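Swiss-Prot has this to say about the protein:
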BINDING   Thr14, Gly15, Gly16, Asn125, Arg168, Ser196, Gln297  UDP-N-acetyl-alpha-D-glucosamine binding site
Amino acid sequence: MTTTPLILLAAGGTGGHLFPAEALGVELMKRDLRVRLVTDSRALRYSGLFSKDMTDVVPSETVRGRSPLALARTGLMLATGTVVALNLMRRLKPAAVIGFGGYPTLPPLIAARLKGIPTVIHDANAVMGRANRLLSRRVNAIATSLPGVLDKEPSLIGKTTTTGTPMRPAILAASTVPFATPGSDGPLRVLVVGGSQGARVMSDIVPGAIEKLGSPLWQRLVLTQQVRDEDMARVRAVYERLRINAELAPFFADLPSRLASSHIIVSRSGAGTVAELGAIGRPSILVPLPGAIDQDQFANAGVLADVGGAIRIVQSDFTPDRLAAELSALAADPARLAAMAAAARTVGRLDAAERLADLVMKVARLDSPA
């Protein structure tokens, strides 16, 4: 009896890593392959393709400091995780292991290489992440969402393929919804999100910006905002005082459909968010996460801003006054919103899951006729 080949998908436990892994998993299952997820404990809070019986948790640790103690802790956790991952490889015997970034992918990818199992890494950012960079010279193939990510690494170009970011079925469904240009006096739907982990800066800045918009826009505004539990009371109080039509929650499971129904999205610029905005084609105001060593979110936001699909505001400039000015200008110019939506869609790639699945099957030597 022939056993159906298994592909292990390794991803850090946040939406930006997990959602592309889920999208690839769906495509591989369509091709009659089995898939499992290898991740860290954070991923267990997400519902989706990977049920608990399809998920293996491997000990891992993100680098959180440069002190000897912090580095020693990280090293110990990664070593422990690699031992666990080696046992996993022996038990599961996967045909290939695919990494989607984040330090939790290091143990399974290292274990796969030690066992001679084919490996692929996918990076969704405009600047390759640190974990993937550590793995890049040791894997069989590299997939990137954007062209030119490794132009300064000539030794890696030969094994690099630009696939785009695999999109979940819900995003693909949302991408079929055309942008509904708002009327000059009709509802203006604004969605504020901070990534899968939320962003306190949105709770600090957005309510003050909304207050500065004034009564005519307050009456038009239909606001949906992701707000952490600890910030909920103070944010809600502002909107209730202004009588804003606002829906607040720590997390929206139906985010793809909310993206599709929005006129303006205010968000961080994680790779997954930028890819989804391109796939669906919606105008956005993007605030890159500051302080990152490689400034990946700044570069990600540039992908949309450079084609006119987004407004990029660095966090030091992200004030209530600045946001209110941008929102007022967009609300007064429906034609500009429509143009931004069309521009954003030009960077979307809807066939990325198929392209990445083709690469995986090639590396795993599963693409030959039976």
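A Cβ is built for glycine as well, from the same backbone N, Cα and C atoms used for every other residue.
What you are looking at is a predicted structure, and each value in this text was computed from that prediction instead of being measured.
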Which listed residue (Gly15, Gly16) has most other Cβ within 10 Å, given these are binding-site residues: Gly16
Thr14 (UDP-N-acetyl-alpha-D-glucosamine binding site): tally of other CB atoms within 10 A of its CB: 21
Neighbouring C-beta atoms (10 Å sphere around the C-beta of Arg168 (UDP-N-acetyl-alpha-D-glucosamine binding site)): 24
Intrachain C-beta neighbours of Asn125 (UDP-N-acetyl-alpha-D-glucosamine binding site), sequence separation six or more, cut-off 8 angstroms: Gly101, Ser145, Leu146, Val149, Ala271, Asp296, Ala299, Asn300
Coarse DSSP state, helix versus strand versus coil, of Gly15 (UDP-N-acetyl-alpha-D-glucosamine binding site): helix
Surrounding CB atoms that lie within 10 Å of the CB of Gln297 (UDP-N-acetyl-alpha-D-glucosamine binding site), all protein chains: 27
